[in-house]
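A.B. asks: I am attaching a structure below and will ask some questions about it afterwards.
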Amino acid sequence: MDPFSSPPPSGSGLGVSNEVMMGQVKQQLAQAYAEEFFGTVRDKCFSKCVTKPSSSLSGGESSCISRCVERYIEATGIISRAVISSLPR
Amino acid sequence: MLVQDAEARSPLPGSPHRSGSSGRGCYCFFDQEKQKAVLNELVGKLTDVCWDKCITSTPGSKLSSSESSCLTYCAQRFLETSSLILRRFQNLQ
């Protein structure tokens with residue numbers, strides 16, 4: 001998670017509540033991102049790995065799901081690097 | 001995974017930015033967070049789309065080099081497509 005860096009010291013009495021507010025905004029954004037990411041990975045890996053639902057998840061299905069999660073995280077890194085290097089300067 | 005701050009600077013919202021590098025009254029914190037959120041959303045959407053195009057078989061213990069290249073190409077071509085369409089729209093006006 002993003003290490004929270006404190007803003008420069010402020011003479012204003014509002015300093016503390018602004019820090020707290022910024023921290024909360026960052027946390028909420030990170031939370032929203034994590035929830036969406038979770039949902040996407042769940043949907044993708046369920047489609048890939050559980051092709052014929054049965055009365056329980058088989059060992060094969062479970063390990064497929066674990067691998068799928070890791071691969072999806074890897075894919076996110078690849079895409080992220082490709083997007084960032086394509087950004088205009 | 002998340003796009004991180006490039007710098008530590010987060011001026012207090014509502015207070016004018018003294019260092020002058022942005023040259024405007026500063027809601028820098030919100031601008032930065034918004035930019036990061038936009039980028040994260042783009043990355044999320046692209047990974048979704050490109051995963052479907054590039055990972056066609058059951059996930060293995062690592063991504064093959066053709067899968068990795070496909071993902072990179074997919075992101076690049078998507079962004080190019082986006083610019084191309086934008087230029088077409090601009091020409092229509």
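Including glycine, each Cβ sits where the backbone N, Cα and C put it.
Pulled the feature table from TrEMBL, pasting it below:
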{"type": "DOMAIN", "residues": "A:24-83", "note": "domain 'Tim10-like'"}
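Relative to the rest of the structure, where do these features sit?
C.D. replies: In the predicted model, the domain 'Tim10-like' (A:24-83) shows an average pLDDT of 95.
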A.B. asks: Under the DSSP assignment, what numbers of helix, strand and coil residues are found in the domain 'Tim10-like' (A:24-83)?
C.D. replies: 51 helix, 0 strand, 9 coil
